[in-house]
Amino acid sequence: MSHNSFGHLFRVTTFGESHGPAIGCVVDGCPPGLPLVEDDIQIFLDRRRPGQNRFMTQRQEADKVKILSGVFEDAQTGGQVTTGTPIALLIENTDQRSKDYEAIKDVYRPGHADYVYDAKYGVRDYRGGGRSSARETASRVAAGAVARKIIASVKIRGALVQMGPHKIDRAHWDWEEVDKNPFFCPDAAAARFFETYLDGVRKAGSSIGAVIEIVAENAPAGWGAPIYGKLDSEIAAALMSINAVKGVEIGEGFAAAELSGEDNADEMRSGNEGKPIFLSNHAGGVLGGISTGQPIVARFAVKPTSSILKPRQSIDRFGRESEIVTKGRHDPCVGIRAVPVGEAMVACVLADQFLRHRGQVGSGPAWPFPA
């Protein structure tokens with residue numbers, strides 16, 4: 001299998017399967033001299049960790065990360081810093097229940113990658129989905145923690161803004177609420193509703209989808225490049241690569257098709273020292289594939305978890321029709337734990353774009369230009 005890496009100068013390769021002994025990643029291209037200890041990574045892994053409440057899979061994984069390489073003691077400070085060499089990160093799997101999959105190992109689960117893995121490779125790890133499992137995303141979160149060290153001045157935050165057909169009230173958006181509820185929801189009233197709503201979905205043995213919004217603030221103007229290195233296209237590709245994601249939009253996204261030209265284009269005024277002030281942010285902080293200095297805003301849609309307790313029709317690998325009930329421990333809304341994953345992927349893209357920008361233009365052009 002190929003295509004397990006992403007990024008250019010900041011490059012991440014993930015490895016491991018859902019029920020294997022461990023998962024992890026190798027981060028290459030991280031500059032030397034950045035303080036990095038396991039606690040810097042663990043804080044983000046803990047936000048994604050399963051089994052924390054009844055709205056997540058009850059698989060109990062500690063997700064304790066180990067840094068295997070790429071760091072050393074700084075002779076001046078005595079602290080641990082990056083060396084500029086590949087950083088290997090390991091997360092052990094400790095709570096696999098492969099027996100849950102024995103009875104259906106030959107049956108293709110509807111909505112899962114079982115059939116296409118067989119069609120492409122002729123062999124697959126049926127235990128928990130193997131490589132296609134969302135378990136792999138823990139490695140991305142670990143890599144994202146390293147990326148944040150490179151772009152420490154950029155604040156990257158995510159939130160769940162829709163569950164099923166129910167959207168939050170954006171007038172009540174409060175970032176302080178995000179880590180106060182199990183849904184990463186910025187609207188306290190919506191979070192209370194989601195609790196009752198998802199309880200009903202869960203008890204019915206079903207699942208539901210969600211929409212996640214990621215906002216990156218303090219990224220300067222100039223990151224990204226035309227034509228095939230566009231910042232928004234790389235963010236979209238990174239978010240689209242997350243398990244169960246079926247759609248991505250930047251800024252107004254598809255809603256821009258409903259606007260007129262005068263409504264959609266973000267007007268500008270002159271601020272301090274001629275620096276532009278944007279009167280709106282329909283573009284989501286990106287124009288022509290290059291950051292504008294405004295908040296970078298991306299949203300992605302996560303489909304309902306395909307593993308549900310209700311019986312469904314399928315076929316097995318021999319072509320025989322079969323009814324399947326998927327047992328095991330699954331998220332009733334996998335979109336919830338996609339929030340820290342989305343943050344991590346945006347962090348990786350921005351770190352990569354920063355390094356590429358620095359490599360191409362150094363500190364950047366002197367702006368504003370003299371009259």
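Yeah, the Cβs are placed from backbone N, Cα and C, and that goes for glycine too.
Shown in sequence order, D199, R202 are the residues of the chain, 6+ apart in sequence, with a C-beta less than 8 angstroms from the C-beta of R54 (NADP(+) binding site). Classification of R54 (NADP(+) binding site) by DSSP places it in coil, neither helical nor stranded. Under the heading NADP(+) binding site, Swiss-Prot lists R48, R54.
Listed in sequence order, S207, A244, H330, D331, P332, C333, V334 are the same-chain residues six or more apart from T305 (FMN binding site) with CB atoms under 8 A from its CB. DSSP gives T305 (FMN binding site) a coil state; it is part of no helix or strand. Feature annotation from Swiss-Prot assigns FMN binding site to R131, S132, S133, N243, A244, G288, K303, P304, T305, S306, S307, R329.
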Residue among binding-site residues R48, K303 with least C-beta crowding, 10 angstrom cut-off: K303
Where R131 (FMN binding site) falls in three-state DSSP terms: helix
Neighbour count (Cβ, 10 Å) for S133 (FMN binding site): 19
